[in-house]
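Annotated features in TrEMBL:
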- 14-31: compositional bias 'Low complexity' (COMPBIAS)
- 50-183: domain 'EamA' (DOMAIN)
- 196-325: domain 'EamA' (DOMAIN)
- 1-44: region 'Disordered' (REGION)
- 51-69: transmembrane segment (TRANSMEM)
- 81-101: transmembrane segment (TRANSMEM)
- 113-135: transmembrane segment (TRANSMEM)
- 141-160: transmembrane segment (TRANSMEM)
- 167-187: transmembrane segment (TRANSMEM)
- 230-249: transmembrane segment (TRANSMEM)
- 261-278: transmembrane segment (TRANSMEM)
- 314-333: transmembrane segment (TRANSMEM)
Amino acid sequence: MSQHNSATPPSTPPLSGNGLGSSRSSSPGLLRGHDLRSGSGVQRVPSLRSGLGWGLLGVAAFSVTLPVTRMAVEDGGLSPLFIGSARAVIAAVLAAAALAFTKQILPHGRQWVRLAAVAGGVVLGFPLLTSFALTTAPANHGAVVVGLLPAATAIAAVLRGHERPPLLFWVMASAGAVAVVLFASLHGGGLGGLHWSDLLLFGAVVAGAIGYAEGGLLARELGAWQTVSWALVLASPLMVALTVVAAVRQPQTGTAAEWGALAYLGVVSMFLGFFAWYRGLAIGPMAQVSQVQLVQPVLSICWAALLLHEQLTWPTVLGGAAVIACAGVSVRARVKRS
């Protein structure tokens, strides 16, 4: 990672030219395509508060994903393979159109390899694994396991992004992970024995953490929306093939609500949500911004109560408040970049 974030200003303002920024810069600034340019030509680096704000916006979009995925697979009209792959195809069509319309420059060299890691994590791994897991696991049980994603993302940020969170950060991140599990268990997700769906969800956590960390780093070079767009386009041949296979193996006879759920997964969960999320991670520090994900299970269970009519109790509300408190402390811990 570059060590001269303030010394070398990024070369592309966020809303210059086509309004969406450029995919390549001549200087290794902190946020290519994301910093702001004043009338005098002076650029400023976005603050941590800005990163947290963008991250929280992305988390709000993602929080609907598990309940909506459960809604899409619950009655069996749409197969999990079809849902997991078709959502990526929908997003890839939007991504290709955005890239073509704004005439983005192609990524180069090792950026393609890193985009493959992003695609493997958040385009292929997380969507497919959660789709299959939620055919048997309720949405609130999925929140138990996926609630470990903030800690996993922080670890990936340390390993890949060379960030050095203080001890307080790790204490509160761990407390937040424990609070998430207890919170979702109180709501009725429970832990019980280890099931096949749990292994799939654990795999989704690992895949998501890798995709988030690598995507956050690439967003500093390519831009936030460009990173997820190129990852979607790169994975699109495989996802189209999987969609066709799923459609041939089983006629997709979903209801209007199930098709609507798939549309949300494709447009928001796989595409628009990442605009905000990767921008927040790019502003960083990633380990710190990743902790806003602790509120995602809280929001997910609220959405599950609204969309799936699952019961929302006072212990759930109090547990959610404890999770948010842990997130609030962990994001205030100062993270250093080595």
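Placement of Cβ uses the backbone N, Cα and C atoms for every residue, glycine included.
Long-range contacts of the transmembrane segment (51-69) within the same chain, counting only residues at least 6 positions beyond its ends with a Cβ under 8 Å from a Cβ of the stretch, are 83, 130-131, 134, 139, 142-143, 146, 261, 264-265, 268-269, 272-284, 288-290, 292-293, 295-296, 299-300, 303-304, 307-308, 331. For the domain 'EamA' (196-325), the model gives a mean pLDDT of 87. Secondary structure by DSSP for the domain 'EamA' (50-183): 106 helix, 2 strand, 26 coil. Counting residues per DSSP class in helix, strand and coil order gives 115 helix, 0 strand, 15 coil for the domain 'EamA' (196-325).
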